[in-house]
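A.B. asks: According to Swiss-Prot, the protein has these features:
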- His114: active site, proton donor (ACT_SITE)
- Ser100, Asn116, Phe117, Arg118, Gly266, Gly267, Arg268: substrate binding site (BINDING)
- His104, His114, His153, His183: divalent metal cation binding site (BINDING)
- 248-283: region 'Important for dimerization' (REGION)
- His183: site 'Important for dimerization' (SITE)
Amino acid sequence: MQEKISKFEDFLTQLQQNITTALEQHETNAAKFISDKWQKPDTHDQKLKGYGNSMIIEGGEIFEKGVVAFSRVHGSELPPSATAKRQELAGKSFIATGLSLVIHPRNPFVPTSHANFRIFIAGADTDNPIWWFGGGFDLTPYYPFEEDAIHWHQTAKNICDKHDKTYYPKFKKWCDEYFYLKHRDECRGVGGLFFDDLNDKSFDECFNFVTDCANSYLDAYIPIVAQRKNIEYSQKHKDFQLYRRGRYVEFNLVFDRGTIFGLQSGGRTESILSSMPPIATWKYNWQPELGSEEEKVYQYIKPRDWIK
């Protein structure tokens, strides 16, 4: 099992380089991804041990802020967020390895994107370790372009169908349900793929699906960035982007399993919260004008079948 974990780690660290390099090629000023390598030592007072590399870009003309973060951590006991639906795992030791990214563009016409790919092994120090993969990618637009959502979902469907034709409808629905703000009765964006507890096939089959899915993120996102990054925008557009970013913050702090897991397990706070947008705003009881571009987005982000 250790060999398989290391193989996934090698894939993720190479993917991190591929993604940051591809994104930097679209940046038009001197902003670059900066590498922040960290390590939590094996000491008795640390709940979580391990290491990682958070790559951050800030202040770009195209990417106002972005993080592509790798981590490999282990602990003596899974936190409550990881065992809420699997009580049989309570008290087990664990290893978790993953890559998580969030990209916040400056231009309101370029959507925010998020992706995460991970493996968990519970009871890795026992004769019968329990493994599962999780991950996916999702898109959060501020202004609607139907062709962008279609391209995003078509890319997701193509990679799923290569492995299992039941995956796309199942993981698309799961994504719509997961990235939903109950207190707002709103979806965070137009969704994509979300899966967890993936171990329905052999390890190698699941590994191949997850790595193919991870490799397709750039195919899904880069064409949208290239198409929208030079669209002129007004202060009104920017203000609406900042207002909608507030929903992103609310979801991450209230519902996101990765954030909750990291904080409950004593993870590295700076890396866990690096996905937050650089600026977000809240307006009391604000409502968009009827018929405005801003009002349209609330219909646009409702779950639908994007691929006819």
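Cβ atoms here come from the backbone N, Cα and C positions, even for glycine.
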A.B. asks: Validating a neighbour-count step here. Other CB atoms within 10 A of the CB of His183 (divalent metal cation binding site): how many?
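C.D. replies: Around the Cβ of His183 (divalent metal cation binding site), 8 other Cβ atoms lie within 10 Å.
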A.B. asks: Using DSSP reduced to three states, classify His153 (divalent metal cation binding site) as helix, strand or coil.
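C.D. replies: Where His153 (divalent metal cation binding site) sits, the three-state DSSP reduction gives helix.
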A.B. asks: Could you give me the DSSP helix, strand and coil counts for the region 'Important for dimerization' (248-283)?
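C.D. replies: Split by secondary structure, the region 'Important for dimerization' (248-283) comes out as 22 helix, 0 strand, 14 coil.
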A.B. asks: Given the binding-site residues His104, Arg268, which one has the fewest other C-beta atoms within 10 angstroms of its C-beta?
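C.D. replies: Across His104, Arg268, these binding-site residues, the one with fewest Cβ atoms within 10 Å is Arg268.
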A.B. asks: Using the alpha carbons only, what distance in Å do you get between Gly267 (substrate binding site) and His114 (active site, proton donor) once rounded?
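C.D. replies: On Cα coordinates alone, these residues lie 20 Å apart.
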A.B. asks: Using C-alpha positions only, work out which of the binding-site residues His104, His183, Gly266 is nearest to the residue listed as 'active site, proton donor'.
C.D. replies: His104
A.B. asks: By a simple count of other Cβ atoms within 10 Å, which of Gly266, Gly267, the binding-site residues in the record, is least packed?
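C.D. replies: Selected from the binding-site residues Gly266, Gly267 on minimum Cβ neighbours within 10 Å: Gly266.
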A.B. asks: Which whole-number value in Å describes the distance between the Cα atoms of His104 (divalent metal cation binding site) and Arg268 (substrate binding site)?
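C.D. replies: Cα of His104 (divalent metal cation binding site) to Cα of Arg268 (substrate binding site) measures 21 Å after rounding.
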A.B. asks: Between the two most separated Cα atoms in Ser100, Asn116, Phe117, Arg118, Gly266, Gly267, Arg268, the residues recorded as binding substrate, what distance in Å do you get?
C.D. replies: 20
A.B. asks: Sort out for me which one of Ser100, Asn116 has the most neighbouring CB atoms within 10 A, since those are the binding-site residues we care about.
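C.D. replies: Output for this query is Ser100.
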A.B. asks: By the DSSP assignment reduced to helix, strand and coil, which category contains His183 (divalent metal cation binding site)?
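C.D. replies: His183 (divalent metal cation binding site) sits in coil per DSSP, no helix or strand.
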A.B. asks: Please report the Cα separation of His183 (divalent metal cation binding site) and Asn116 (substrate binding site) in Å, rounded to an integer.
C.D. replies: 24
